[in-house]
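Pulled from TrEMBL:
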type    : residues                                                                                          : note
BINDING : Ser55, Thr56, Arg57, Thr58, Gln82, Arg106, His133, Pro134, Thr135, Gln136, Cys272, Leu273, Arg317 : carbamoyl phosphate binding site
BINDING : Asn166, Asp230, Ser234, Met235                                                                    : L-ornithine binding site
DOMAIN  : 6-146                                                                                             : domain 'Aspartate/ornithine carbamoyltransferase carbamoyl-P binding'
DOMAIN  : 157-327                                                                                           : domain 'Aspartate/ornithine carbamoyltransferase Asp/Orn-binding'
Amino acid sequence: MNLRGRSFLKESDFTPAEWLGLIELATSLKKETKEGHERQRLLGKSIGLIFEKTSTRTRCAFEVAAFQQGAHTTYLDPVSSQIGHKESVADTARVLGRFYDGIEFRGDRQADVEALAKFSGVPVFNGLTDDWHPTQMLADALTIREHTGKPFDQVVHAYLGDGRFNTGRSLLVSSAMLGMDVRIVAPVAYQPDAEAIAIARQFAQETGARITITDDVATGVAGADVISTDVWVSMGEPKEVWNQRVADLADYQVNAQVMAQTGNPDAIFMHCLPAFHDLETAVGRQVYEATGMDALEVTEEVFSSPASVVFDQAENRMHTIKAVMVAMLAGA
Ligand code: CP
Ligand code: NVA
């Protein structure tokens, strides 16, 4: 696998073999780090981190991974650069491409991360857009392999909730690339768009993945090894959608009954985080006042159960983002 000089914009820019190769690279880099003999492959590199939306995991994963590999980062927060307000993405890209060896971008529009790659001339990494969340998918895959101990083509992966947005769409495509039995379990109005389904089906022809899109929870989760979900309201969506969203998705909450419906006592629970499992945050309290629900997409019981691997999953953001930067900037 030689991905040097490539950008990391969405899953479908890669072949299944390349996708798996990034997971293997992350596995070996994680081992190096844990064993305390990390070789620095990014010495002297500079990486720009543009965040038009807030982040905890993605930002910190890029910063720590870059530091451990010997690279320098600059963090541009949602308000303190000119990008998007006074200066176009294309002009920003032309400037930053002269300073940096690689650029991470998180924002609304997939078109912006694509333009950044086109005009900067350096590898660009998608740290989440409304359409795709590809760095998350590598972390999820690594976590699934570590916790199920199964080859990807024997894993049944069910995702409950909003299937139309970044995490749901990416999970469908990435799981298909890895040959999983993937189920998107959502009300019809929240199921992935035709484009995402077509991309997944195309990969499935090559990998043998099985794809189910259903609004029936019992059918969707039966036999699952992994139950995943995401927030019901994503960053950038207006507050006004909360009540309708909660009403529409309440039956798709991951709770003890759903975990039991898998029929698999070893089924694990995953969530990219942040999660509304308790409503102890400021936003959570507002949600509670508006809806009366004390948890949204996952109950506290499941989130805090032994089945929940969400913090291992979060740690793997760092190891997999490191693999992406090493592959694209140093070659691997
Ligand atoms: N999962 C994830 O992308 O987390 P952050 O929004 O904290 O980066
Ligand atoms: N769908 C969520 C993912 C957060 C990591 C969002 O876009 O806010």
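Sequential numbering from 1, following the chain as shown.
Backbone N, Cα and C atoms are what each Cβ position is placed from, and that goes for glycine too.
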Seminar exercise, completed: Quick note, Asp230 (L-ornithine binding site) and Cys272 (carbamoyl phosphate binding site): C-alpha atoms separated, nearest Å, by 7
Problem set entry | Cβ under 6 Å from ligand 2: qualifying binding-site residues of Arg57, Asp230, Arg317 | Asp230
Problem set entry | Three-state composition of the domain 'Aspartate/ornithine carbamoyltransferase carbamoyl-P binding' (6-146), taking helix and strand from DSSP | 70 helix, 22 strand, 49 coil
Exercise. Just the number: how many Å between the Cα atoms of His133 (carbamoyl phosphate binding site) and Ser234 (L-ornithine binding site)?
Worked result: 12
Seminar exercise, completed: For ligand 1, the binding-site residues of Ser55, Arg57, Thr135, Ser234, Cys272 whose CB is under 6 Å from one of its atoms are Ser55, Arg57, Cys272
Exercise. Closest to Ser234 (L-ornithine binding site): which of the binding-site residues Ser55, Gln82, Thr135, Arg317, going by Cα position?
Worked result: Ser55
Seminar exercise, completed: Cβ neighbour count within 10 Å, max among the binding-site residues Asn166, Ser234, goes to Asn166
For this session: Restricting attention to the domain 'Aspartate/ornithine carbamoyltransferase carbamoyl-P binding' (6-146), give the mean pLDDT.
Result: 96
Seminar exercise, completed: Minimal Cβ count within 10 Å, across the binding-site residues Met235, Cys272, points to Met235
Exercise. Does DSSP give Cys272 (carbamoyl phosphate binding site) helix, strand or coil?
Worked result: coil
For this session: Have a look at the binding-site residues (Arg57, Arg317) and report the one with the fewest Cβ neighbours inside 10 Å.
Result: Arg57
Exercise. Which of Ser55, Gln82, Thr135 (the binding-site residues) has the most other Cβ atoms within 10 Å?
Worked result: Thr135
Problem set entry | Recorded carbamoyl phosphate binding residues, Ser55, Thr56, Arg57, Thr58, Gln82, Arg106, His133, Pro134, Thr135, Gln136, Cys272, Leu273, Arg317 - maximal Cα separation rounded to whole Å | 29
For this session: Other than Asn166, Asp230, Ser234, Met235, which residues of the same chain sit close to L-ornithine? List them in sequence order, counting a residue when its Cβ is within 8 Å of the Cβ centroid of the site.
Result: Leu128, Asp130, His133, Asp162, Phe165, Thr167, Val231
Exercise. Which three-state DSSP class does Arg317 (carbamoyl phosphate binding site) fall into?
Worked result: helix
